[in-house]
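If you look up Swiss-Prot, you'll see C12-C63, C16-C36, C22-C46, C26-C48 marked as disulfide bond, on the strength of sequence analysis. What Swiss-Prot records for 2-64 is domain 'LCN-type CS-alpha/beta'.
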Amino acid sequence: VRDAYIAQNYNCVYDCARDAYCNDLCTKNGAKSGYCEWFGPHGDACWCIDLPNNVPIKVEGKCHRK
């Protein structure tokens, strides 16, 4: 497990405005909890605590949305 920005397809973070949205998203993916980190290095994005290793996370590089 690790603490990290949970990622969508193409290395994109989940944008957020509310902690509750991120907490729900993170816990549904097996994390202990989550919150919305405002003004972080990837903008306003969901950060998960104790996220399982099989769940994608944001890695170095750009978001490659099609």
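Note that Cβ sites are derived from N, Cα and C of the backbone, with glycine treated the same way.
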C36, C63: which of these disulfide-bonded residues has the highest Cβ count within 10 Å of its own Cβ?
C36
A 10 Å Cβ contact count, applied to the disulfide-bonded residues C12, C22, C46, C48: which residue has the minimum?
C12
Position of peak Cβ density within 10 Å, selected from the disulfide-bonded residues C16, C26:
C26
Those disulfide-bonded residues, out of C12, C16, C22, C63, that come within 10 angstroms of C48 (disulfide bond) at the Cα:
C22
Reported in the order helix, strand, coil, what are the DSSP residue counts of the domain 'LCN-type CS-alpha/beta' (2-64)?
13 helix, 27 strand, 23 coil
Out of C12, C22, C26, the disulfide-bonded residues in the record, which is closest to C36 (disulfide bond) when you go by Cα distance?
C22
Calculate the distance in Å between the alpha carbons (Cα) of C63 (disulfide bond) and C22 (disulfide bond), and round it to a whole number.
19
C12 (disulfide bond) versus disulfide-bonded residues C22, C26, C46 - nearest by Cα:
C46
Measuring Cα to Cα, how far is C46 (disulfide bond) from C16 (disulfide bond) in Å?
6
C16 (disulfide bond) and C26 (disulfide bond), Cα-Cα, nearest whole angstrom:
12
